[in-house]
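Accompanying notes for the structure given below.
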Amino acid sequence: MQRVTITLDDDLLETLDSLSQRRGYNNRSEAIRDILRSALAQEATQQHGTQGFAVLSYVYEHEKRDLASRIVSTQHHHHDLSVATLHVHINHDDCLEIAVLKGDMGDVQHFADDVIAQRGVRHGHLQCLPKED
């Protein structure tokens, strides 16, 4: 492990310290390492051809005109990416779905965009993790 010195603005250092405390880091180095890993993983998952895993979560209105069938159709068109799907009834009108995906990150992003763009889908979020060799 290498020791490095960095210079931060006072406001940025204050934000780092606050983040470190909220997340329970023992020191700034641990926080900075995690932030850097997260940034590198995000960049890696945005490159077409990168293999990885992802979690797609979204809320949708199940009574919205043909929305459930459109989502299922989209899932079937991308069946090769799907590892598992969890379906939760939030209330009478809304459902939460969480899909675990695996494959080319470009294809995963395309699938997520197709689902999230459907009218009636809300709170769509894709969390990607590059596959580590």
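The backbone N, Cα and C atoms fix where each Cβ goes, glycine too.
Binding of Ni(2+) is attributed by Swiss-Prot to H76, H87, H89, and within the candidate set C95, C128 the record adds C95 to that site. In sequence order, C95, L96, E97 are the residues near H87 (Ni(2+) binding site), counting only same-chain partners six or more apart with C-beta under 8 A. Taking the Cβ of H89 (Ni(2+) binding site) as centre and 10 Å as the limit, one finds 10 other Cβ atoms among all the protein chains shown. In the three-state DSSP reading, H76 (Ni(2+) binding site) counts as helix.
Set side by side, the binding-site residues H76, C95 differ in how many other CB atoms lie within 10 angstroms of their CB, and the most is found at C95.
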